[in-house]
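The block underneath contains the structure these notes are about, expressed in structure tokens.
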Amino acid sequence: MLGQEFRAGLSLPIKTPPRTKAGIIDLITEEAAITAAPGEELRVEMAVSEGALVAQGAPLARLRGHPQIAFVAPMAGRVASITLRPGHRLGEIVLFREADGGRFRHDRAAASSGRDEVAVRALMQQAGLWSALRSRPFGHMPRADEKPAAIFVMAVDTRPHAPDPSEALKGKEEAFARGLDALTGFTEGPVFVCQSRGANVLSDASNGRLRIVTTGERHPQGLAGFQIHAHFPAGLKAPVWDIHAEEVAALGALLASGHLPETRLVSIAGAALSESRLVRCQPGADLRGLSYGAVRPGNHILLSGSALDGHEARWLAPRDRQSTVLPRHGQRRRGHWFGAALSRAARPLPIIPTAALEQAFGAALPAAAMTRALASGDDETAVRLGALSLLEEDLALADYVTAAEPRLSTMLQGILARVAAEEG
Amino acid sequence: MIRGIWDRETVALLLLAAIMPMALTFLWFGGSGAIGRLALALIVAGLWHLIFMLARAQPPSFAGAIAALAVAMLVPEELGMLQLALGISFGSVMAELVFGGWGRNVVNPATVTLAFLGFSFPAAPWPELVLPIAWAAIPAALIGVGFGVMSGRIVGGAVLAGVFALAFGVEPGPVLPAAGVVLVLLVCDPVASAATGGGRWLNGLLYGGLVVLFMLAWKTAAPVQIAVSAALFSSLAAPLLDEAAIGLWLARRRRRHG
């Protein structure tokens, strides 16, 4: 039974060339931008204007309703352009690198012990670390005063060619422990640390509220959604947060020194590359800069995220730690109009319950019942089966496997939006 | 961003590939009569798929060929062409196409065709399956389960029921090969069977149990008739079994997570 749980999931044949011999490269791109995560609406008030010189970690914009939550500069540089969409919604704030901007030091005096929850919360919000947290149901940045029922620290990532979080934590063990300690102050519930077998991110749960979850190697076991579904389902009254382990280490470093770490570990992979890379770059890095010199000749697509759940983008999205470069196939041969009409008339296309479908859901829930509930817009059943713990990215594998049309992840988004609207 | 291959037609083609051993054995031993029946079933089912494509914009599916093959193998003998065409039309239209095509149906169209013909023409004798077809069902099930298009749990449940019956001294006789062939051809259809783990075990057990029950209590029935009737009932019960399995799963989760 236990063995079966570890074996659940799929290993995917997604091609990428071998990694460079150089190991992990430090690569700060000349341009970087802060953007909103796909699907997230952030109404902001600008704190700087175009042309201003900013330090790394200095606030660029603040949330309109909650000015204590800031979005900070990913590197020292000059504000090149600010794009806001209607309603003051954050589009992108682009920076050009200028090393003499320096580093911004946040006032950590009140929070440095890590014990005072209110001070830690305020520090995270003003230092731009708040957006590293993600709250379920609905998957947005938590409200300023939200109390989670549990927190999941993801020290595992099974997405194809994702960087290994335990690699990112090497040398930062102390900061990670400090951050984890501060994180436990946010909740009265448990804090789960998910790690893969053999990775000793955390060996003993000395703190009584820390729980270690060991996951298997196959996708989607390393996604926060399925771990939350298995160990502490999120509910409307009991939000569950998840955060990447590297961001926990960043919190620890912030508490210790007042400085935000300058880089994160990012992997660049994909079939259109001549070599895969593992780099340390700033958040919001320019994807073209990251893959520069490693792309094969020809048309290609740059994705922020993995080949499964990535979005075509220019900048690394806020919570993403990988970029995928895929060849862009010339104009898809247009099928016959009759075939197109037939397949459009049959949407949503029926999905046959096979073993592949079940494994795409990590064998964690009744997959056929879930896909049926999603396709028919049966919100109640989907919620009963655990839709509130899941997000778009969790169904990306099922979308890939079944070639569902319309995508299951899109339909899940619709259900979550309806539930959110009902809740007001 | 990238798309996989496990859409409806891939599954249908894999199922078709899985039952190929049985189909070839059937054609080898059945001779021209078998080929004629198969051709007729394919033509009638294909015609209805064509009509529904033109009138209702439903994409035709290779699953129609699987149903036609099952009908050709299991249909009662000595039926005229008109009667056969009528039965295949009824099964294909009423059990599959009016629901929107394969993938949305409740019961396997071949099961409905066979039950319809069996009830309508009770005087027509059911076929005697030659033993090699039953042997060919084993590789067919292995291929299907290996590709994940058939459920190992359903097969396991049915085998378990058979083993129980044997342990209690039930003599299987000629019902065993017929039950095996029907298990692979009709009961293991991923659409018309249960779709949850527990539900699939129950589905297999129910099918095996019904076969044993009919064998013991329904003395006048032919082996294929017993198996087809059991397949029809277990297929009708599949949604109920799924509901039970999901209810159980939810209750377990509620107990664990509150």
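A Cβ is built for glycine as well, from the same backbone N, Cα and C atoms used for every other residue.
On a predicted model such as this, the values are computed, not experimentally measured, just so you know.
As written in TrEMBL, here are the features:
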TRANSMEM  B:12-29  transmembrane segment
TRANSMEM  B:35-52  transmembrane segment
TRANSMEM  B:59-75  transmembrane segment
TRANSMEM  B:106-123  transmembrane segment
TRANSMEM  B:129-147  transmembrane segment
TRANSMEM  B:176-194  transmembrane segment
TRANSMEM  B:201-218  transmembrane segment
TRANSMEM  B:224-251  transmembrane segment
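Beyond the transmembrane segment (B:224-251), the same-chain residues lying 6 or more positions past its ends with a Cβ under 8 Å from any Cβ of the stretch are 74, 106-108, 111-112, 114-115, 118, 126-127, 129, 175, 178-179, 181-183, 186-187, 189, 192-199, 202-203, 206-207, 210-211, 214-215, 218.
Non-local neighbours of the transmembrane segment (B:176-194) in the same chain are 11, 15, 19, 22, 63, 66, 69-70, 73-74, 102-103, 105-108, 110-111, 129, 131, 133-134, 137-138, 140-141, 144, 149-151, 154-155, 158, 162, 200, 202-204, 207-208, 211, 223-224, 226-228, 230-231, 234-235, 238-239, 241-242, 245; each lies 6+ residues outside the stretch with a CB under 8 Å from one of its CB atoms. Counting same-chain residues at least six beyond the ends of the transmembrane segment (B:59-75), those with a Cβ under 8 angstroms from any Cβ of the stretch are 8-9, 12-13, 15-16, 19, 22-23, 26, 34, 37-38, 40-42, 44-46, 48-50, 52-53, 84, 87-88, 91-92, 96, 101-103, 108-110, 113-114, 117, 126-127, 129, 133, 181-182, 185-186, 189, 191, 224, 228.
Through the fold, the transmembrane segment (B:12-29) approaches residues 35, 38, 61-63, 65-66, 69, 72-73, 102, 130, 132-133, 135-137, 139-141, 143-144, 147, 149-150, 181, 184-185, 189-190 of its own chain, all at least 6 residues removed from its boundaries and within a Cβ separation under 8 Å.
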